[in-house]
Each structure stands twice: as C-alpha cells, then as structure tokens.
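Single-structure report; data block below.
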Amino acid sequence: DASSVKKVSIDLPDSVPVPAKERKDSWSLGDGQAPEELEKPIDTPPLSTLLIEKPQSGTVPVGDITFVAKVEAKDLLRKPTIKWFKGKWMDLASKTGKHLQLKETFDRLTKVHTFEMHIIKAKENYAGNYRCEVTYKDKFDSCSFDLEIKTEQSSQNIDIRSAFKRSEGQEDAGELDFSGLLKHHQEPKQQDDTPEVDVWEILKNARPDEYEKIAFMYGITDLRGLLRRMKKIPKEEKKSEFAKKLEPAYQVDKGGKIRLVVDLADPTVDLKWYKNGQEIRPTPYIFEHKGTQRIMVINNCTMNDDAAYSVAAGDEKCTTELFVKLPVKIIKSLDPVKTTVNERIELECEVSEEGAQVKMKNGVEVPTGVRSRYRVKCEGTKHYLVIDDASREDTGTYSVMASGGTSECHVQVDKPLKIFQDLQDITVRLGQPIKLHCEIYPGNVPGRWYRNGQLIQPNDRINIIHRNIHRLEIESCSLHDAGDYTFVPEGYSQSLSAKVHIIPPKVHLDSLNFPDNTVVIVAGNKLRLEIPISGEPAPRVVWMKGERVILESGHRVRAETYGDQTSLTIDVTERDDTGNYKIVLQNEAGEATASVKIKVVIPDAPDAPLVPVVGGDWCSMTWEAPKYDGSSPILYFIERKKKQSSRWMRLNFDLIKETCFEPKKMIEGVPYEVRVFAVNAIGISKPSEPSKAFIPLVTSEPTMLVVDDVTDNSVTLKWRPPETIGAAGLDGYLVEYCLEGDEWIAANSELIEKTKYTITGLKPESKILVRVKAINKAGASAPKTIQHSILVKEVIPPKIRVPRHLKQTYTRRVGEAVNLVVPFMGKPRPKVTWLKEGKPIEPTHVSIRNTDSDSIIFIRKAERSHSGKYDMKVQVENHVDTAIIDIQIVLPGPPQSVIIEDVWGGNVALMWTPPKDNGNAPITGYTIQKADTKTMEWYTCIEHYHRTCITITELVVGNEYYFRVFSENMCGLSESATQTKKSALIMKEMQLKIPEYSDRDFKEAPKFTQPLINTFAIAGYNATLNCSVRANPRPKVIWMKNKITILDDPRYRMFSNQGVCTLEIRKPSPYDGGMYTCKAINDLGEAQVDCKLEVKFTFYELMHRGVPLHLIDKYMNEAKIVEQEK
C-alpha cells in the first residue's frame, strides 16, 4: 500500500568477520533481526554473484588438467576482467607458455563468458592453492581451488639396500638404478635367513644427522640418491586440534556484541583463551560450549577490547585481531521527495566514516540485486538509494539506520499531471490589467491560486475561473500585485508558477559609456551629464551630493529634467566637486536610484620646503608630497631666488620624483628662498609657499659647553670651537644668560675670540641659564645651551686627602688605641658619613668627630670586632667623594697542638699545627721554649722559626724536658703558648748505624711560584711588574709585550735576582698598556705567566691636555669604582 509507513534500519553485525577487501555497503531487504536471533551465528554474505560456475579443486597424476570459470553477461555492458593466481600473489598471466595456457570464449545465445586455465603435463611442483578473481566496475568476485598431483609410491616394493648401491663404473647414480631392479626381478633371490628390516620406516623416524650412520649399517652406498629420494616422499601432516579456527580479523562497533567461535576436532581437549598474550578470566567475558564449538562472547564492546586474541588447544594455537570501531553517525539526513510516476528518485545520506555498512529499508528490506529496480551507490562517506522508474508503490517512509543514529524521510509518488499550457511570466505597467491562465489534463480538476505563498480569494477586483482553462484576472494592478503566482491542482503534488513584475521607474546609465559610471574631468572645465530615464507615470527626479540636494536654480552647479532625460551641469569644475552624485526617481510604481561618480583631477601644491642643512655654497631641502595627487604620479621641479629679489630661477629642468634636493652654486652670505612645483599628466600645481630665508656659510654651534667655576657672584664658562666653520671664517662668540622665566641678556657687549668667559655681577643664590653663539659674516649660529640651570653659589667639589699610611691596611694590636685623622676639602661644608661593611657605625663602639676640614675616628681600646673596611663619604650638593680605610686589629692565637715525634741521643723532634686564629695577619714565625722537669724554668731555644717542625739538640742526658711553642705575627707573640702533653727523657747514647743516602737530584723545569698580577699605572710615573720563578739549572728569562719580545728598548729595564724577575717601565704612556708576558726557559722545559697593564691619566695631566671638567670628573669616578671592585 502506498500510504503505509515503511521503516529503514542500519545494522552492523556484531560477530561477522570483516576482511579488508569486503568492506562494501550492503543494502538488504527485511525488517531486521529479532532480538532472539542476535545470538545466532551470522554467515558472511557473498561478495557478488558474478561467477555462475566456479573452478573446482582437482587431483590428477602427472598429466593435463583444465579449470573452468563462467560469468553471466546479461547485466554487463562489457567483458569483465579475470585474473588467475597461484598462492597469494603469483599472477599466472606472466607464466603462460608450454605448460600453462589461458583461454576466453563468449556464447552469444546464452550470454555467458567462459574462462579456462589449461595445465599441460603437470608436475609435482605445480600442486598448491590457486585463486580466480573477476572484476567488473565496482563488483568483485573470487574463488579458491586446490590442485593435487599424485605420484606412484613404489618405494615400499623396492629393496632400498640394493637400489641405492652404487653401480659399477658410476660415481653418483642420484636416482634409482632401474636396470639393476629389473635384474633383481628376473633372477629370483636366494633365501636369506636374516629377518627383513623396513629401512624406510627407520629413516622416516630418524633424525637427519643419523642418515649416514643408518646407511652404513645396512650397506647403502649411494647416500646422495637416498637423500634425494627422501625429499620426494610426502610428509605426513600433523592432525590439527581445530576443525575450524578463528577468522584472521573481526570488526565490531563500540557498544556492540561480538562472538569468537572455534570448532574442535576433539571436544575433550583443554582450551584456553588469551588477550594480548595474557590468559583471559571469565569476568566480564562469557564462555559457551555447544557441541564441539567453543564460543567467547564480549558484550558492550569498548576500546579496551580492541586487541589481539588467541585460543590454545593442547599444543596448537590460533590467533585473530578484534577491531572496535566508533559508532557510525549520520552527518546528512535524508530529504523528503515529491515526484510523479516514472520519474527518477535519489535518496542521499552521509555518514561519519568511509566504508561503513549502511542499510535502507522501506517497510521491507530494499532489494539490491542485479535485476532490481533499486540501485545503491557509495561515494566515500555518501550513500545513495536510486529508483529509476518510480511507481505509486514506492510511496512511503524510508529510513536509514547506523550504529550512531537514524534518519527518515517521506517519498510521495503521484500520478503525472499533463500540462498543455503552463503559466507565463508577465511584465505590466502600473494600473494595467493582469491575466494569468493555464491548461491541464484532466481539466475538471479544481485548484487554488497563491501569491507569494498566500491563498488568493476572489473579490470585486480579482476574478478566478475553473473550467477546461484555469484563469486569474486582476482588473487594475497595483504595486502589491507584483510577486510569485502559483496554481496548485487538488490531489496532485505538482504546481504551476509564474512571476508578475510591475515596471518601476528606471535610470539608464548605460548611455554614459564611462567605466564604473565614473566621469573624470580636469579642474576648470565645464561638465554636463545627460542621462535618459523612464517610468509610467513620469517620475519626479532629485539630484543629490551626499545629503545636499542640487536645485534647478543653482548658479554654478544645477540640475535639469526634460521629459525622458535629466541633466547635471557644472560650469567651472573645482576639486571640491569630486564625489558621488545620487539620482532618485519616484512615482506610484516605486522608486529607483542610481549613482554617478565625478572625479576632478589636479594636484595640490606641496607644503613649504624645509632647509635643514646649509653648507658653504649649497643647502639640503626636503618637502612633503601633496595631499591630493589627482590620481596620477607626481614629479617636481624647484625654483630659487634671492630674498631681496622677485625673480625666480628654475634649478632642475629634468623633473624628479624624490622629495629632496640639493641646490648648489650659491653666493656666500646672501640670503636665499626656495619653492617647489608639483607636475603630473593633468598639469602643473600652484607653487608651494617659499621656505624660510637661509644664508650659506653659517657656522655650526659651539661644542662641549661646560661650567668651569662658580662663585657667589660669577659663573665661568668654557667651550670648544664649532665643528663646521664657513669660508668666511669666525668673527667671535656671543655669551647670553637669563634668569629662569626672563629674557636672554648679552653678557659681552663685544664679540670675544677666546673660548672661555666669566659672567660677573650676578646675585647670590640665583639660578641662571647660559648659551653661546658663534658669529661670522653670514650671521649667528644656532645657540649651544647648558641643559640645566646654574646656581650662583661657590661650590668646591669635595676631595678626601687620605694620608699615605692609611692607603694601606692600618694594623694595631688588641687593646691599643686607634686615633685616625682623615682631612678633606669642599665648599660649602661637606656632609660626612661613615659606614662599616655597608652598615652604620655604632657610636658606643667607635667615636667619630667631624669638622670643616677633617674627620676623626677614635677607638679607645681596640678589639678584634673593630677590624674591617670603613667607608667614608663626603658630599657637597650633587658632588660626592669616597674613601675606604682598612683597619685590622691583630693578635695571633697559639698553635693548636705540639707533639714529640722522636727522641734519640741528645735530640728531640717536635711537630705542631698552625694556630686556628691567625689574628687578622699572616703568621710570620714561631718561638720554641724548653723547661727541665726539675726546675720548670723556661728557656728559649729558637725564635722567628718559620716551619712547623724542628729538632732540638744539645739536651742533657738523663734530664726530662717539656716544650712549648708561641705563634708570632707582625704585632708580636701570642698571649699564650701550647705545651707538649708528654715529656721527653734523654737516655744514654746508643750506637746507631747511620744509613747511607744518595744525593738528591735538584734539577727541575721552570715553575713560577709567584705569577704576574694585573695592575694599573699612572701616566708619567715609573711602573714595575714582578714575578718569581724556580728552576735548576738557572733559566733564561724573556719579557714580551703583546706576544712581541722586548729587546733593546731604553724605556724598559729587566732584572733577575734569586729567582725574582722584575720589569721596570719608565714613565709609561697610554700606548704602553697591554698584555705583558714573562717566559722562563731551561733544558728541562719552559713556563710563562701573563698580566694586563692599564695606564691612566692623573687629574693634572687631563687638565693640562684641556679635557673639560665634567669629563675629568666622570673619568676619575669610573676609575675609583673599578679600583674598588677589584
């Protein structure tokens, strides 16, 4: 029934193995599987039905055999393609020849293609598996078959021991000696009492390495022939435990169900299941037994179930792979279709994955056979169901189902409606009648008229007639009558439509013949545009530019309308006339608009040029491009004149496109002006405004202007001459000053030639700004101004005069008084601050007193905690000077321990460890004392001893002694001494055998014990570089500067005394700075040390050379910072 509801579902079988080449779309007919049928095993559907007769497996002795395949060609437009394979990959088409022939025939009556494969004189190596594949467009079919070659097994009736004995005169028989066998058959054997032995069975059960032993045992000499014969004996295949193994691969959707089935040959054998090599537990898997079948069921498959599975029966194992796919979703749903009988229907859907299995149903499964009216197509992810000749029975609801969704659509197939005369599109003027009519069969079918989708009801103005010809008449049309008209016959899905267009007013811009309706005109010309218009009744015309309406009574710009045309007139065009002009037509039929673009082209004049640089007889000028270039490339030419003259002279006759130029050949000291013209294809612009007057040879500004001195009523300035001085020379300098906010005042009434000047008569505590100009015949240069204001107040930068003895480390013993006086200078009174190790000094420990000219630091009783570096800072306004005083309070501690190492004769060997506390000064020696246990009076044995071990001699035999050791540094002995814990008893002398010692070899290669140190030198004062070297024999010492040996140079003196090497540099200059190297060489080797020497200037040397004070101050401060960091 056409009105019945029909469902389509897409089901992907859960447990069907999906080989790689079988992923095709299958369209099946039916209502789907019932829930109880899901547990049943589902057979894989055939690929196609191309082969109506398949080649059959065959067994043949050595000889000929033929395999036949047939394909029905009733539904095929051309011959299918066939391929024959042996095994998996060997294509037999390339092997045809003497033993293999391929033949093809076609029967026109039965329309059957016959394909034959002839194997001639088949040999044993021809046996195996063969495959036949047939392909036609998107259809594919294949068939596998086996060929078995039988050979006569005569080995059981042959006496192997006589057969494989070598014949006389033969080196290697290699095969059975049939002549010998015939002799054996003709001459009967003599009866042998020895029991018969089946050597073949012995060889079959033996290992290959035992063949030679067995042949020797039973008298077989032709071992090679025996081995060849053994290879030809067919091997007995071991019986498999599986009657049916797992498929190579399975595929299931995520959330689906899968059944893995094996069939056992012996149902009693033990069976184990594995996943990725690990044995599977029952949960969550289900194991079933059905006769000889063993089934593993996986419900609700997840991505974790995507793995390799294997099953082991006894010693045999078979494996498979399970692929879990995500649910296939429907991306594009089915669209409803309305059509008539005998038309073509195509339903299209799109899924999320290529190769997905999709089924469409229409109540029952859609038949998709070769002779079916239904055809299915698959193009990537798109699936189609095509019905070529639709009938009324195809009406229904079609649905497509996938594992991830469902889509439905309704297909309506109606009887065809014959249309004798269709509705025609019409165009009418406003107020004219509208007549629409059509003729259909059957003519007595009523229908409905629609305008823009709304039903039309008859009234006084609208008349509708339904007879053989269906009519719609409107007496006088209005604007609302325009639109899409549709006539729909009752009972049919077809409809007839037409468009009714009411003619509105129109502007005909085609007559302008201008590209993009753009009119280009040169400024100053007259413009008149005449544009045709149409409309019924005659429309009202309005010209507009922007929001401004152009009137007919305009003076320079006016609009006029005459009948069927309108015009715009501009008497003298200007650049402001450029823009979009809008034409608006209005009447009862509607409104029409159009736009015309008018472009008035002329370049603007450039801005006044700038003259940034002026030379001796030339200058450099620049300018900005015009704001409006008239839509054409711009070029320039330049004119020049003297300021007092009115005659302009053109400088370049070749136009330039750059916005810069250098006028030359000007007269010194004469003021000039320049201007620029812009030129393009349209014309020449107006000249630019003249530049500011300039005079060649104006000197540049003075340089390095600094304040040399300030008093309570004067300021002294210093500067350097200008970098550029014109050819007219320099007449002098003009110094000007001003109070903050006031006008500039000339300090000198006459020009001065010196580069130093003192401004006098200033008020104390006032702040002034100062500038200097260089003057010559061309005029004054740009002023050089000091950036910051100057306070008129005498300021002497602070300077700390550190005494000579405080420039080094100041050392005192614990308990002594420290009284240091550090003088300084500065005005007004400087501010003095003291810090110790970056922290403020506590006044309870150290007393500090400051005056106008010095600072005193006093410590009544020095302690170890007073040691450290004291930072002194003297500040006058923004000027700062610093100094560092290093104070060391020293007191050495006693040695840590004294040990008696040995006692012999009248001698005692002592050893001690250096003190833990050296008292802030290096240990310079030790004092050793001894005391007799009888008197315990201490006597000094040795003083100023440097080592930590000693031998005390000339001790009295029989006495017992104690020893103690004092440590000593630059401040004296330690307060206490360390005494030996044990005493030394001087025993009676014993005769000792003095061993003989060999003389020590004191030869050694040079080695520097004290390297060179990077140092600074003051220019003009001698500098020395020192290092020490140890070597035997005495080395040769070479001095180098920057890797170049210093030879007879009077500026250098070299000394070497007791291994101490000295290089003296007489009055070095900055050029003497660099890398110095001392190199020592003897027969055993060489060594070298390097250091870097930097030569600095003194304050007076820099002043003598004329360096400005602010640069000297900066240089000296940087030098102090570098010295402090080092």
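Including glycine, each Cβ sits where the backbone N, Cα and C put it.
Note: TrEMBL annotation is automatic and uncurated.
Feature annotation (TrEMBL): of 15-44, 135-164, 555-584, the stretch labelled region 'Disordered' is 15-44. The stretch with the most CB contacts under 8 Å to the domain 'Ig-like' (416-497), chosen from 505-599, 701-795, 1006-1094, is 505-599. Between the domain 'Ig-like' (798-886) and the stretches 505-599, 894-989, 1006-1094, the greatest number of Cβ pairs separated by less than 8 Å involves 894-989. Along the domain 'Ig-like' (505-599), the predicted structure has mean pLDDT 81. The residues of the domain 'Fibronectin type-III' (605-698), classed with DSSP into helix (H, G, I), strand (E, B) and coil, number 0 helix, 32 strand, 62 coil. Secondary structure of the domain 'Ig-like' (798-886) per DSSP (helix as H, G, I; strand as E, B; remaining residues coil): 6 helix, 52 strand, 31 coil.
For the domain 'Ig-like' (1006-1094), residue counts in helix, strand and coil come to 3 helix, 58 strand, 28 coil, using DSSP.
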